[in-house]
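Asks: Sharing a structure here in structure tokens format.
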Amino acid sequence: MVEGDIDLRKNKDCDVKDQGRVPNGCGSKEFELKKIIGGSVKKLPDVEKGTVEKADFEEAIVLTGYGKFHYLLLAVCGFVSTSEEMDVISMSFILPSAQCDLKLNTHTKGWLNSIIFIGMMAGAYVWGSVADSLGRKKVLIAISFMNGLCIVASSFTQTFEIFMIFRFLNGAALGGSGPVTWSYFAEFQPKGKRGSMLSSMAAFWTLGNLFVAGLAWLVIPADIGFISETFKYNSWRIFLLLCAFPSFVVALLLFMLPESPKFLLTRGRTEEALQIFQKIYHVNTGRAEEEYPVKELLVENNSSRSMNLTTKPVKGKYRNMFLDIMDNSRQLFVSPILRFTLISITINFTFHIGYYGLMMWFPELFNRFDEFSRFHPGQEATVCKVTDFVVNHGTLKKGGQCNDNIESAVFMESLITVAAAIPSNILAVLGMDRFGRKFFLVFSTLASGICASSMYFVYNKTQNLIVSATFSSVISCGNAALDCLITEIFPTNLRATGVAVSMVAARLGGIIGNIVIATLLDMYCPAPTFIVAALLIGGGLLCLFLPNTTREPLS
């Protein structure tokens, strides 16, 4: 039996998702889409047979149908993920190209890779908490505009220090993008579709990787731009400017979408939520909004607290928002949520040390292999030997002549590496609701851990490319599973905050992964790959201690 196949007769384990929801028995599927009204059970109605007086969120979202609106939502939210991944991964292509302009060495490259994650740590908690208080849509629009402006500004900077400042601000905006987008998107999905649709949105990360790799290949090697004695605007800066474009497009597209009805229900704003369900019904079915069968929505369990907050005087709204944020944060670290919070933090930390710690260094490693092969044609060498040559005798040698010319083969290898994730993303979309989140996460971390340790044993460019592409492929389906699992384990009123706290741990993993790899790669080369392997495998196995969320209603 796989994770998604639930034996209704034997499901006796309780978790936080069942509290206050199921009157009799823990997790009983008999009550998932039903409500106890006057002692009788109200079953999910047939839309064709007439009006439904009352419905909870799961009934209401199912009755809107599934069609054009949800695919439009997927396109927009997926584009948000695409632009986020482009902004993060773009730095991996800039490092070898900007090393002369910004006077970079391996150490400063590590910090330049990491500064965006430091900003994301700061932004994730703040934006996630605000989204749980004010709403998802407004926050996403603000984040997208801020992100685009910071990227444009950074493309004009001429010094390493100023560039670092704008990359930090860029990260502060991006920090909220992940947790808020995933919470927002999940809260429009019925339980039967949620896994496949979240996996589909995760596939847009791969699209972001592909797009940024292809764009880098087209733009960075080209001899374009403007160069004077005091100001440079060369190809890598133009590449960075183009990477800002999706953020502005996303901000405009988000104006077309409504606020999350699940969020509105937790705030007691049932009339607004009902209007959104009616509009979704109209878009999906083509029928008039008045024909939507639900006439009244059942209020979420925690809405009484939220209603009290929203009915306070406007002059105290910022104070109320701050108190709401503090209360949400406190609830994450109180039993029974505490266990989920600690495990999600640990998994995100270890997973992203491997994901960003290696993925962002692949173009640099490809460039080092390419440099070694130019000076030693036909000679095989390990990653460590190649690194030793580049650092002590090549372009990174202290006092040596700087060379930022990158061969097009480096960009082609990077493009192949990210393209290798496409089949695994398709597999995740098709199998996430069948095999379950835990299956994909455990498989991914075990396989990517083996790939990481194998990098120590590669002896040429081809072997390096094969291992890198395999790593990219297997870790991408684990990334989709992790995003699904972490999004689903937290209740709605804490979801964006909970995901944000987990994302803070993920960004910390990205920071440590980049700094440690940058330091150890040059000082003690064998260590990084084996450290990454151990963390990936150990962290991935922790998901076995989390509850099953496959095809379960959002709490």
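Placed from the backbone N, Cα and C atoms, the Cβ positions cover glycine too.
Bear in mind that TrEMBL entries carry predicted annotations, made automatically and left uncurated.
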Asks: Give the range, chosen from 138-161, 162-185, 258-281, that TrEMBL lists as transmembrane segment.
Replies: 162-185
Asks: When each of 414-432, 439-459, 498-521, 527-546 is checked against the transmembrane segment (162-185) for Cβ pairs under 8 Å, which one has the most?
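Replies: By the under-8 Å Cβ criterion, the transmembrane segment (162-185) pairs most with 498-521.
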Asks: Counting only residues 6+ away from its ends, which parts of the chain sit with a Cβ under 8 Å from the transmembrane segment (498-521)?
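Replies: Distant Cβ neighbours of the transmembrane segment (498-521) are 106-107, 109-111, 113-114, 117-118, 120-121, 124-125, 127-129, 131, 171, 175-176, 178-180, 182-183, 329, 332, 337, 340-341, 344-358, 360-361, 387, 486-487, 489-490, 527-528, 531-532.
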Asks: Sequence gap of 6 or more, Cβ distance under 8 Å, 3 or more pairs: do the transmembrane segment (197-218) and the transmembrane segment (238-257) meet that?
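Replies: These two stretches do touch.
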Asks: Do any residues of this chain, six or more beyond the ends of the transmembrane segment (439-459), have a C-beta under 8 angstroms from a C-beta of it, and if so which?
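Replies: Residues packing against the transmembrane segment (439-459) from afar: 2-3, 347, 351, 354, 358, 380-384, 428, 431-432, 467-468, 470-471, 474-482, 485, 526, 529-530, 532-534, 536-537, 539-541, 543-544.
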Asks: Within the same chain, where does the transmembrane segment (337-358) have neighbours whose Cβ lies under 8 angstroms from its own Cβ atoms, ignoring anything closer than 6 residues to its ends? I mean 6 or more beyond.
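Replies: Counting only partners 6 or more residues beyond its ends, the transmembrane segment (337-358) has Cβ contacts under 8 Å with 16, 88, 113, 117, 331, 441, 445, 448-449, 452, 455, 471, 475, 478-479, 482, 486, 489-491, 494, 498, 501-510, 512-514, 516-517, 528, 531-533, 535-536, 538-540, 542-543, 545-547.
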Asks: Mean pLDDT for the domain 'Major facilitator superfamily (MFS) profile' (71-551), as a whole number?
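Replies: Result for the domain 'Major facilitator superfamily (MFS) profile' (71-551): average pLDDT 83.
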